[in-house]
Amino acid sequence: MKIAILGTGNLGVSLAKGLIFSNAFTSLYLTKRNSDAIKDFEEYSKVKVTADNREAVQNSDILLLSVQPTQLERILEEIKDLLTDKHVIISTVTGFKIPRIEAIIGEDQFIIRAMPNTAIAVGKSMTCLCCNEKGKKRIAIAEAIFNRLGTSIIIPENKMQAATVICASGIAFWMRLIRATSQGAVQLGFDAKEAQQLAVHTCLGAASLLIESGKHPEEEIDRVTTPRGCTIEGLNEMEHNGLSSSLIKGLQASFKKINNISEK
Ligand SMILES: NC(=O)C1=CN([C@@H]2O[C@H](COP(=O)(O)OP(=O)(O)OC[C@H]3O[C@@H](n4cnc5c(N)ncnc54)[C@H](O)[C@@H]3O)[C@@H](O)[C@H]2O)C=CC1
Ligand SMILES: O=C(O)[C@@H]1CCC=N1
């Protein structure tokens, strides 16, 4: 696969790392206006760094667009005359809906929207995908790319905003929960390094149990909570202080914000 990432910022760099470490391309173009900032990627074979989006498009088949929402229209205008039937356009841009993309480059293009997260750098992204009518013929390519870099599901476009909150912003939310656990562990006597090790591996274990078994979290909680024991004591104290409620309210606030942003 000849892949280009147009707009190699925070997410684009994560995407590039994931693609490089999974050896998932025959050539990889990375573009950025200040391309010197990502020049180090040229140490990897088959990777070309440039500020020239048109050069990247002409030499690639899969175009991953990863710019800010306000920058997408300009970049689409810049490349639209170069688009041919070989190109698959995959946009990670938040809130920029398919009809708006079609209005710029035309309906007769393979257009896919992807909502990955920064864990794509380590091959563990949860990525949600949707596409336009024509894109249905190429969605399997997007699935192949993102399944190699984690897990993907196809969803209707009207759920992309919610997917952004849960999966993309979700990385930040889970980081805070892990940090809070580490802070608690330090207070209980572990040094900072040990505390983080305990927190991340317990988090990984909890997620892995559910992934492997497909069980509901409460079933696994039942296995841990000894009657009158310390686990239920801690859980109930957390709930009295609004753990679940605060998380759900945070997700709702984030969803409200994303809808406000994309209406503008
Ligand atoms: N950061 C994240 O975790 C996630 C971000 N997204 C979405 O992906 C998009 C990118 O996000 P970030 O990487 O965080 O933003 P960013 O601002 O870090 O990266 C955008 C990059 O595009 C470059 N750029 C802008 N105009 C350009 C042009 N005309 N030609 C070439 N490069 C150009 C900028 O220099 C910058 O490096 C956004 O729309 C964001 O909402 C989606 C999922 C997760
Ligand atoms: O915080 C944001 O608005 C963007 C969208 C998802 C991740 N970063």
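Keep in mind that glycine also has a Cβ here, set from the backbone N, Cα and C atoms.
Under DSSP, T8 (NADP(+) binding site) is assigned to coil, being neither helix nor strand in the three-state scheme. Annotation source TrEMBL lists NADP(+) binding site at L6, G7, T8, G9, N10, L11.
With a 10 A radius on its CB, N53 (NADPH binding site) counts 24 other CB atoms from all the protein chains. Residues or ranges marked as NADPH binding site in TrEMBL: N53.
Across the residues of the domain 'Pyrroline-5-carboxylate reductase catalytic N-terminal' (2-93), the predicted structure has a mean pLDDT of 97. Annotation source TrEMBL lists domain 'Pyrroline-5-carboxylate reductase catalytic N-terminal' at 2-93.
What TrEMBL records for 157-259 is domain 'Pyrroline-5-carboxylate reductase dimerisation'. Assigned with DSSP, the residues of the domain 'Pyrroline-5-carboxylate reductase dimerisation' (157-259) fall into helix, strand and coil as follows: 88 helix, 0 strand, 15 coil.
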Tally of helix, strand and coil residues over the domain 'Pyrroline-5-carboxylate reductase catalytic N-terminal' (2-93) according to DSSP?
41 helix, 22 strand, 29 coil
Candidate nearest N53 (NADPH binding site) in space, where candidates are the binding-site residues L6, T8, G9, L11 and distance is Cα-Cα:
L6
Among the binding-site residues T8, N10, which residue has the fewest other Cβ atoms within 10 Å of its own Cβ?
N10
If you take the centroid of the Cβ atoms of L6, G7, T8, G9, N10, L11, the listed NADP(+) site, which other residues of that chain have their Cβ within 8 Å of it?
I5, G12, V13, L15, K32, S66, V67
